[in-house]
Amino acid sequence: MDSFDYTTPDYGHYDDKDTLDLNTPVDKTSNTLRVPDILALVIFAVVFLVGVLGNALVVWVTAFEAKRTINAIWFLNLAVADFLSCLALPILFTSIVQHHHWPFGGAACSILPSLILLNMYASILLLATISADRFLLVFKPIWCQNFRGAGLAWIACAVAWGLALLLTIPSFLYRVVREEYFPPKVLCGVDYSHDKRRERAVAIVRLVLGFLWPLLTLMICYTFILLRTWSRRATRSTKTLKVVVAVVASFFIFWLPYQVTGIMMSFLEPSSPTFRLLKKLDSLCVSFAYINCCINPIIYVVAGQGFQGRLQKSLPSLLRNVLTEESVVRESKSFARSTVDTMADKTQAV
């Protein structure tokens, strides 16, 4: 049984050749946690406190705005994905504290980590959807004014959640629990039954659809958007654009270690020194990725307005100011007028 997960929502392995410490008591595990695990626990605790409160506030604000603004629909779904991910943190926290022992049973082993993965991939795909929406606002403003509606936005969000569900299915199907006796513990993880090709195929598909493809989408969309908006004075009011770019940048900075170590572990042999090192850093990489779940509300508040204004306004007011559609609509209309005027000038010249 080569593939087995200790701590992460999906990546990780069990190695039958792990060295058994003969000095370890049979009736209990070591009382000492590794340094990476301790750092992961600290990060998990901070992310849980900030992420649950912050994303709950974003959900509360955008739930009212989503009835009339498309921008709020995007951020509502993104906040829901992050909020649910943060709610699952006590599960990972408990497992690490108990030296990766899984006390929740077999059914929970299949369901709970898979739900964490679902919310993670939903967050990724929603970010790509938001970037595509921003691209259309800048380059197809007239089309957006005619066809960009709340119904279409909700459909796009449903597609993102559906694709995230498909990416999560392997985790649900291949998760099992394994009982160990030296020291006694129950491990929850993914078991591909020595099928390395299947394991690598799943890892590659998730890397492409859950990371590289969204990354390419974001890079293309925002490169063209930045070039276009900064080439015209009339479209340089980009408050929402700055917020989304900050959210996207933070996402890939914090998720990159998880993705890199995950794909490396799927191709390495469990007995290799590199694999063993990555396995020790596993919890830390997951906790680093989880920072993204709590940093988005902070970005929204900081981007709201100047420091003095932040002191004078309440948090809900600041979030409402950032997450509403007004600045986006003004930018789109401004660019549309600029495009029409340019076409008129060319017609007169002919």
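Any Cβ shown, glycine's included, is placed from N, Cα and C.
The following features are taken from Swiss-Prot:
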type: REGION; residues: 10-18; note: region 'Required for CHIPS binding'
type: REGION; residues: 21-30; note: region 'Involved in C5a binding'
type: TRANSMEM; residues: 38-64; note: transmembrane segment
type: TOPO_DOM; residues: 65-69; note: topological domain 'Cytoplasmic'
type: TRANSMEM; residues: 70-93; note: transmembrane segment
type: DISULFID; residues: Cys109-Cys188; note: disulfide bond
type: TRANSMEM; residues: 111-132; note: transmembrane segment
type: TOPO_DOM; residues: 133-153; note: topological domain 'Cytoplasmic'
type: TRANSMEM; residues: 154-174; note: transmembrane segment
type: TRANSMEM; residues: 201-226; note: transmembrane segment
type: TOPO_DOM; residues: 227-242; note: topological domain 'Cytoplasmic'
type: TRANSMEM; residues: 243-265; note: transmembrane segment
type: TRANSMEM; residues: 283-303; note: transmembrane segment
type: TOPO_DOM; residues: 304-350; note: topological domain 'Cytoplasmic'
type: MOD_RES; residues: Ser314; note: phosphoserine
type: MOD_RES; residues: Ser317; note: phosphoserine
type: MOD_RES; residues: Ser327; note: phosphoserine
type: MOD_RES; residues: Ser332; note: phosphoserine
type: MOD_RES; residues: Ser334; note: phosphoserine
type: MOD_RES; residues: Ser338; note: phosphoserine
Relative to the transmembrane segment (243-265), the stretch among 38-64, 154-174, 201-226, 283-303 with the most Cβ pairs under 8 Å is 283-303
When pLDDT is averaged across the topological domain 'Cytoplasmic' (304-350), the result is 47
Do the transmembrane segment (201-226) and the transmembrane segment (111-132) come close, with at least three CB pairs under 8 A (pairs 6 or more apart in sequence)?
yes
Between Cys109, Cys188, which of the disulfide-bonded residues has the fewest other CB atoms within 10 angstroms in the structure shown?
Cys109
Composition by DSSP (helix, strand, coil) of residues within the topological domain 'Cytoplasmic' (65-69)
1 helix, 0 strand, 4 coil
Which sequence positions outside the transmembrane segment (38-64), separated from its termini by at least 6 residues, show Cβ-Cβ distances below 8 Å to it?
7, 72-73, 75-76, 79-80, 82-83, 85-87, 89-90, 92-93, 96-97, 283-284, 286-288, 290-291, 293-294, 296-298, 300, 315-316, 319-320, 323
What does DSSP give as the helix, strand and coil breakdown of the topological domain 'Cytoplasmic' (133-153)?
18 helix, 0 strand, 3 coil
DSSP output for Cys188 (disulfide bond) maps to strand
